[in-house]
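Peer 1: Annotation source Swiss-Prot lists Mg(2+) binding site at Asp77, Asp79, Asp81. As annotated by Swiss-Prot, Zn(2+) binding site applies to Cys78, Cys94, Cys101, with the evidence given as sequence analysis.
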Amino acid sequence: MSDVFDIIRFNDQGLVTAIAQQHDTGEVLMLAWMNREAIEETLATGRVCYFSRSRNGLWRKGETSGQVQTLIELRVDCDGDALLVLVDQPGVACHTGRRSCFYRAMGKDGTVTTLTEPLIDPHTLYGS
């Protein structure tokens, strides 16, 4: 059995793409980034931690909003440059108050349709 860090290929900034997916439904929830420290914390605690590029630091999912992701399984793709984070996400995953960050669909003609409305007011999640 290999060590996970032997197969993950981090980019020049020490980050790897992480796709969060609801473990029991297959719903794609969000895309984020992880560094080694975020992966180590996630594996150690079972609570998903990402790396925030805008804040340049660890982002413990749900720390502010209460919308915690619990790790079910961590998978590495064939090239080692992307992670699939299978999670249990009871509430919303998106900062817009939606279940998934992928709530817009683009038609072949380029028009964009909003598929879902917010389930929670973002101000309720994060304050004003």
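Note that Cβ sites are derived from N, Cα and C of the backbone, with glycine treated the same way.
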Peer 1: Would you list the other residues of this chain near Mg(2+) - those whose C-beta lies within 8 angstroms of the C-beta centroid of Asp77, Asp79, Asp81 - in sequence order?
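Peer 2: My list of surrounding residues reads Arg9, Val76, Cys78, Gly80, Ala82.
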Peer 1: Taking only the Cα atoms, work out how far Asp81 (Mg(2+) binding site) lies from Cys101 (Zn(2+) binding site), in Å, as a whole number.
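Peer 2: Pair distance, Cα basis, whole Å: 21 Å.
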Peer 1: What residues, ordered by sequence, lie under 8 A Cβ-to-Cβ from Asp79 (Mg(2+) binding site) and sit at least six positions away in the same chain?
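Peer 2: Counting only residues 6 or more apart in sequence, the Cβ neighbours of Asp79 (Mg(2+) binding site) under 8 Å are Arg9.
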Peer 1: I want to check the contact list for Cys101 (Zn(2+) binding site): same chain, sequence separation of six or more, C-beta distance under 8 angstroms. What comes out?
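Peer 2: Spatial neighbours, sequence-distant, of Cys101 (Zn(2+) binding site): Leu29, Met30, Leu31, Ala93, Cys94, His95.
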Peer 1: Which of the three DSSP states, helix, strand or coil, fits Cys101 (Zn(2+) binding site)?
Peer 2: coil
Peer 1: Among the binding-site residues Cys78, Cys94, whose Cβ has the fewest other Cβ atoms within 10 Å?
Peer 2: Cys78
